[in-house]
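S.K.: Have a look at this one.
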Amino acid sequence: AARAQSEAVNQQQQQSGAEGEQPRVEDVDDEEEDADKLLLYGSKQIIRLFVPVSICMLFVVSIISTVSYYSSTQQYLPYTPFHDQTDDPGKIAWQSILNALIILGLVIVMTIVLIVLYKLRCYKVIQGWLYVTSVLILFFFSLIFFGVLLSTLNLAFDYITMAVCVWNFGLVGQVAIHWKGPLLLQQMYLIFISALMALVFIKFLPEWTTWVLLVLISIWDLVAVLCPKGPLRMLVETAQERNESLFPSLIYSTTAAYMSVGTAEQPQQQQQHDGNVSSDLDESGSHQQQHQAAAQVLNGGGGDGGEAGVSGGHDGDGPDAAGAGSNGLRVRNKAFHDESHGVKLGLGDFVFYSILVGRASSAGDWNTTLSCYFAILIGLSLTLLLLAIGRRALPALPISITFGVIFYFLTSLIVSPFVDALTAQQFFI
């Protein structure tokens, strides 16, 4: 009897051990599935991010090359008080550093204010802040931009027609960004806003202040995102703890997984603030947030027949949804993984990428402009590679801006004079 009892106990232990090992097998399968999807969707996501970044930079370069208003600087922003015209390198250096530090201090203060408001749940104040900002850009700065562009192209428009066009343009943008609208339309407006802000900075910032600011803002981006008490990291962690979405007007997303598919109606989940790149591979989100995001897709949140995510995801009425009754949790998890493959880039990254390329193109040297463009894309590719390896939010500015600044000075000081000398001697390599 004792032996039979011991054998029964051993069998129970073996069965419980086998049951305990089963989740581990599933975890290994999930990891292998994530790795396979990473290889399958990685290049597609890089291309989907390269296209809007390239469009934004191309737009800025074309305006800088054709509209002289943005390439010449006679007026300066009020928070760049040191802009004396001088040839003294020492004076130019300390003026540029002071101007860049003032702007960086303003950025830090505004970021802290935003975090405090979010901590205190002052959502209405934040929404009002974002609404006012987008109104100024889409109406006031757009009016100036279209006026200068029409004047350069020598096209006549009366004030009433111009006012009506700008009013409709700005109103549609407000609706598409802050309420709902086609996803492509929202993305177009976000790209336009980024390009317009880049043009404003190029116009009203001293040249050397721009280069110093790019370096300092990259360092700040690194600190704000990766430090344990970094403000942007705290903002994202607070949003994840509250199971809330961040601000879609500050994020460009390559996928509609966190929005209603084909429209921009549903808020995005687990978004990163300005200056971050995020991925679905980040495993720090809560399971409840994942199930809610998947439920939006499966419960008709996909809109009118659009793709349920840009990476080959399935619609809510596909084969996976048909099996939801028998194994709902498994289907929802699979749908979440299929839908959430995509990366998100803050609009601030668009702005500073375009500032770098636009400032390089203002000198009229296409060699320098192209080298900066490819340097930014290479840096962005490396950032996405590190994102896939580390599976955590990463700042998108440091690598790209570092490469861009290095390529700019190397090309302008070494490559361009070398090419000019070869051209003058009619010597071709």
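Yeah, the Cβs are placed from backbone N, Cα and C, and that goes for glycine too.
These numbers come from a predicted model, not from an experiment.
According to TrEMBL, the record shows the following:
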- 1-20: compositional bias 'Low complexity' (COMPBIAS)
- 1-28: region 'Disordered' (REGION)
- 49-72: transmembrane segment (TRANSMEM)
- 92-117: transmembrane segment (TRANSMEM)
- 129-150: transmembrane segment (TRANSMEM)
- 156-177: transmembrane segment (TRANSMEM)
- 184-202: transmembrane segment (TRANSMEM)
- 263-279: compositional bias 'Polar residues' (COMPBIAS)
- 263-324: region 'Disordered' (REGION)
- 287-296: compositional bias 'Low complexity' (COMPBIAS)
- 299-313: compositional bias 'Gly residues' (COMPBIAS)
- 370-390: transmembrane segment (TRANSMEM)
- 396-419: transmembrane segment (TRANSMEM)
S.K.: When you check the transmembrane segment (129-150) against the transmembrane segment (184-202), do you get at least 3 Cβ pairs under 8 Å, counting only pairs 6 or more apart in sequence?
M.R.: yes
S.K.: For the transmembrane segment (92-117), find every same-chain residue at least 6 residues outside the stretch whose CB is under 8 Å from a CB in it, and list them.
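M.R.: Residues packing against the transmembrane segment (92-117) from afar: 79-84, 86, 125-126, 129, 205-206, 208-209, 211-213, 215-217, 220, 224, 231-232, 234-235, 238.
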S.K.: Short question: which residues 6 or more past the ends of the transmembrane segment (184-202) have a Cβ under 8 Å from it?
M.R.: 52, 55-56, 59-60, 63-64, 70-71, 134, 137-138, 141-142, 145, 172-173, 176-177, 210, 248-249, 252, 264, 347, 350-352, 354-355, 358-359, 362
S.K.: Below 8 Å between Cβ atoms, which of the listed ranges 156-177, 370-390, 396-419 makes the most pairs with the transmembrane segment (49-72)?
M.R.: 370-390
S.K.: So, does the transmembrane segment (396-419) come close enough to the transmembrane segment (370-390) to give 3+ Cβ pairs below 8 Å, pairs being at least 6 apart in sequence?
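M.R.: Answer yes, regions in contact.
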